Amino acid sequence: MAVPGRLTVVGGGLAGSLLALELAERGLAVTLVDAGEATATALSYGGVAWWAGAPGPLGRLLRQAPSRWRRLQARHGPLGWRSCGLRLHGGGWTTPLLRPPFAQVDAAVLMVALPGALVAAGVERRQGRVVAPPRPVAGRWHLELEPGGTLVADQVVLAAGAGCRALAPALPERHRASWAGVLALPVRPTLSSGSASPWLRHAARRRIVQPRHWQRPSLEARAPELREECWIVDAGFAPRGEGLLLGQISLVRPGLDTGELPAAAVMESRLRQALAWLDPVLAALPGPYRQVPVAFCSGGLPLVGPLGDAAGLWVFSGFGGAFAQVPVLAPLLADLIAGVADPGILAGFGVLPG
C-alpha cells in the first residue's frame, strides 16, 4: 500500500486541528493552514452532549466522545475538557430541568492549548488564507495563499467550516452557512448577596444554561426552502475561561453563501431582547457582541470523506454538535486517509459527501 505523501489541512478550528493531530499520530507529514480569523470554535459553548445524538450508527458513535476527549488530553495535555452542570429552560414546570451528566470543552482553554499541542505532535503550522480552490497539477495539489506563495501537497483536507464553499464550489448543497452571534463577557458577573437572579447563580457555578428545545436545528433543516433571511435566538449561556458567553442568535439566508456581514447593532438588539425574556439581568450585562460564520448541513449530518472523483481531496465540515461529533469522526477519517481502514468505514454513518 502506498504511503500518503504530505497532507495539508485547511482550517485551524476544532475540526482541522483535531484531524491534524490524528493524522500526525498515524505518522503522516501534516501541514495545517490557519487563516488566523475568528472561528466558530472560539465562540462555541463547547457542550458535549454525547447522549443527544439521533438514533442510528452516528448517535451510537457519539457515546465515545467523552473517552475520546480524555484520550486527547492524556496525549496532548489539558484541552479544556471538564464535567459541568446543565440547566435547561422551557418545557413546563413539571419536567426535570437538570440533566446530568454533561460536559464542556472550554473554548478559551482549547484555543490557547491547540497551537502548542500541534507543534508538539509534529504538525507544521502555516499562517495564511487559501484564496482559491486547490488546483490539481501533475498529480499533486497547489494551494494559493494570501499574503503570497503556493503550497504544494499530495492530499488536501478542507476543514475550514463556512469557508469550505469558496474552496470547493461543487460541495453538496446540504452544506450551508449561517451567522452566529453571542455576547462575549471577558469576566463572569459578580453575584451580589442580594441578587434575585437564579441564572446568575448558575453562571457563578459555571453551569451551562440552554433551551430544552433548540430552534436552530429546525431553522437549519428549513434552509433549502428559505426565500428570505430568517433568524432565531436560543437564549442561554456558558462559561468561557474567566468570562461568559451569552447567546445565541443565528441568522440563515437563502442560498449557499453567507452573504455580507449582518448589522451587528441589529443582531445584538435582537439577542438582548430574547435574553430579557429569560432574565432582564442577563440582557443588561455588558457586551461586546461577536459574530462569526458557521457551517452546517441541512440534513443534520456533516460531510466527512473524499470529495468527488478527485483523488486526494477530502472534506471535514458541517458539524452540528461539533464538540461531540468531531473527536469521534476525526480518527475514522484519519484512518481512511492513512490507508489503514476500509473505504466503506464512513458509509454507514451517512456522512459521505457523495
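Just so you know, glycine gets a Cβ as well, placed from its N, Cα and C.
What TrEMBL says about a protein is an automatic prediction, not a curated fact.
Now, the feature entries from TrEMBL:
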- 7-87: domain 'FAD dependent oxidoreductase' (DOMAIN)
- 103-336: domain 'FAD dependent oxidoreductase' (DOMAIN)
DSSP-derived helix, strand and coil totals, residue by residue, for the domain 'FAD dependent oxidoreductase' (7-87): 33 helix, 15 strand, 33 coil
For the domain 'FAD dependent oxidoreductase' (103-336), the mean pLDDT of the predicted model: 94
